[in-house]
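Peer 1: The structure under discussion is supplied below as structure tokens; questions concerning it will follow.
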């Protein structure tokens with residue numbers, strides 16, 4: 001049912017927002033017309049993030065699978081997380097390209113309900129899958145801190161593969177149930193509809209998404225990290241007390257303990273902060289646009305920024321989690337060293353230097369790489 005407000009006859013009407021399962025309300029929106037600057041910002045940021053997301057996640061997968069020291073059950077979660085975020089890096093930009101209302105050659109085919117339903121289902125399924133991978137990584141660290149003697153009993157290759165498979169199956173299953181069996185008649189029957197989540201689904205869908213996507217994962221991770229921080233603080237006090245009793249490097253040891261505790265606290269803040277910043281604005285935007293029924297003015301830049309933050313979250317996940325592993329950083333450094341040597345060799349041959357000088361340069365580079373490997377191995381420290 002369309003509501004008319006006096007004095008708002010010139011306002012543009014947004015496609016319908018469904019406030020509940022039966023009643024459908026059409027909100028009155030006064031949305032500014034997006035200009036060239038908006039599209040440059042929107043798709044420029046998406047291009048930059050995708051250029052980090054796709055090669056970054058491929059690099060993580062390749063590094064872990066090629067490095068024997070990293071092929072451990074706990075790192076399987078990081079590989080699976082990288083696969084999830086890599087798929088998001090391909091599908092989420094396609095979903096956002098469908099928002100090009102002024103390019104009907106793109107928006108209309110992608111706006112067809114069967115195509116739109118697939119895009120929405122897969123985007124949200126992959127986002128849920130990514131979130132619960134973060135929960136699984138947090139649980140793994142919790143077990144390592146709280147039950148160190150039982151860690152190898154609980155975190156095995158078999159149990160890790162089972163958990164990863166369960167996360168993938170449930171995330172896909174939940175989204176299929178929520179979105180593929182739902183048929184918004186008004187969206188389907190309206191020609192030229194734009195495939196945007198908030199224009200199709202009801203407040204009930206957003207509420208369920210909020211609970212399973214943001215509230216539960218954030219609550220579990222926050223609770224476990226608080227517990228981990230308390231145990232780490234207690235262990236730090238015990239170590240400091242032992243150092244005072246032994247009278248060996250007590251000042252230096254206490255300083256190292258404090259520094260390590262501050263570093264751990266800072267890292268936890270980054271982990272939880274990135275997750276909350278990535279999802280909270282999008283949820284607020286969904287709730288606002290779906291529930292607002294009178295004179296709702298939402299600038300395209302707000303809508304774009306919420307989606308950019310969400311996409312950015314998938315690009316930084318693996319660097320936050322995998323980057324904390326010293327062996328991972330060492331392997332990445334070695335790969336970049338090899339790449340640098342290859343590029344130098346190609347540049348040398350391109351500019352016409354003698355073959356003998358090129359061979360000598362290659363041998364020197366190989367020797368330098370071996371020395372670098374040895375140095376990294378000797379001075380490698382685990383976080």
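Going from the start of the chain as shown, residues are counted 1 onward.
The backbone N, Cα and C atoms fix where each Cβ goes, glycine too.
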Peer 1: Do you know which of 105-127, 243-265, 266-288 TrEMBL annotates as transmembrane segment?
Peer 2: 266-288
Peer 1: For which of the residue intervals 308-328, 329-349 does TrEMBL record transmembrane segment?
Peer 2: 308-328
Peer 1: Write down the single range among 2-26, 202-226 that appears in TrEMBL as transmembrane segment.
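Peer 2: Spelled out, TrEMBL records transmembrane segment over residues 202-226, not the other listed ranges.
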Peer 1: Which one of these stretches, 40-64, 162-182, 202-226, 308-328, has the most C-beta pairs shorter than 8 Å to the transmembrane segment (266-288)?
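Peer 2: The stretch with the most contacts is 202-226.
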Peer 1: Would you mind giving the whole-number mean pLDDT across the domain 'G-protein coupled receptors family 1 profile' (56-321)?
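Peer 2: That region's mean pLDDT is 83.
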Peer 1: Which bits of the chain, at least 6 residues beyond where the transmembrane segment (76-95) starts or stops, bring a Cβ under 8 A of a Cβ in it?
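Peer 2: Answer is 46, 50, 53-54, 57-58, 60-61, 64-65, 110, 119-120, 122-123, 126-127, 129-130, 133-134, 136-137, 140, 157, 160-161, 163-164, 167-168, 195, 310-311, 314-315, 317-318, 321-322.
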Peer 1: Going along the chain, which residues at least six beyond the ends of the transmembrane segment (162-182) come within the CB cut-off of under 8 Å?
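Peer 2: Residues 76-77, 80, 117, 120-122, 124-126, 128-129, 132-133, 136, 201, 205, 208-209, 212.
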